[in-house]
Amino acid sequence: MLKQRTIKQIVKTVGIGLHSGRKVELTLRPAAPDTGIVFSRVDLATPVDIPASAMAIGDTRMASVLQKDGARVSTIEHLMSACAGLGIDNLYIDVTAEEIPIMDGSAGSFVFLIQSAGIEEQNAAKKFIKVTKPVEIRDGDKFARLDPYFGFKLKFTIDFRHPAVDKTGQALEVDFANTSYVREIARARTFGFAHEVEMMRELGLARGGSMDNAIVLDEYRILNNDGLRYDDEFVKHKMLDAIGDLYVIGHPLLAAYDAYKSGHGLNNALLRELLAHEDSYEIVTFDDTQKAPRGFAYETQTAFA
């Protein structure tokens, strides 16, 4: 049986919020089978638990934001991406602010945190959402689409008119049957343009943003002294985001995802469109791990690692 997973022990870290610039404490705790990924605002007088779900995403302008009873947890996508890549089904995430810390701007720190806690299989079947009919969302020239596929593969195309991005490639296709999330995707950092960062700071945003947690570009080049971690780091980061955005549906998808200039809003709209059509998906489990898609059928190894 392909089993659900959680972590073996509690782990903690401290970072800063990308937009607030304030210190945030993050604690990951093991969770029982069928709990899902649950964020908890432990800094509030009465802590609020917010289970990750497509319907709980309330704001997608700068990040994916979970909302419930007036409480918010923002910038969840990198941590959710790490959970997807490592096959974590059940986890409590305690946070002392309304923002998950940005760490180094990628999912790499969260992968390290989860791996250092250890991954434990649980005595319950891992549930997948198997897409059975195509689903698509369009917004002008942008689109995001899910097609039936026995596995999980993604194709993402960006369109940033910038010399540095043009040089590194605007499109990427990855099938996790033969690609390592940890090696090939997890370390891709978020990126932004210097003039946009200044504008955001004037609005009280991006106070924690720096070259320690983002790739920063001027009109012509990358300003970071250490350059890029991957030749195609820009599009890889957008794929990292998409993996995290899609994982808020509550289970790993068995599907082919294709997107052009998609972002947090379009990704969430795609999930809602899928859930609105009950004939376009089904929940499946695998009693025989050998019959599960490659990339998920590891007994003790991480999901796409």
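Heads up, the Cβ atoms here are built off N, Cα and C, so glycines get one too.
His78 is the only one of His78, His162 that Swiss-Prot places in the Zn(2+) site (with His237, Asp241). In the structure as shown, the Cβ atom of His78 (Zn(2+) binding site) sits within 10 Å of 32 other Cβ atoms. A gap of 12 Å separates the Cα atoms of His78 (Zn(2+) binding site) and His264 (active site, proton donor). Cβ atoms within 8 Å of the centroid of the Cβ atoms of His78, His237, Asp241 (the Zn(2+) site) belong to the same-chain residues Glu77, Ser81, Gly105, Ser106, Ala107, Ala188, Arg189, Thr190, Lys238, Met239, Leu240, Gly244, site residues excluded.
All protein chains considered, the CB of Asp241 (Zn(2+) binding site) has 24 other CB atoms within 10 Å.
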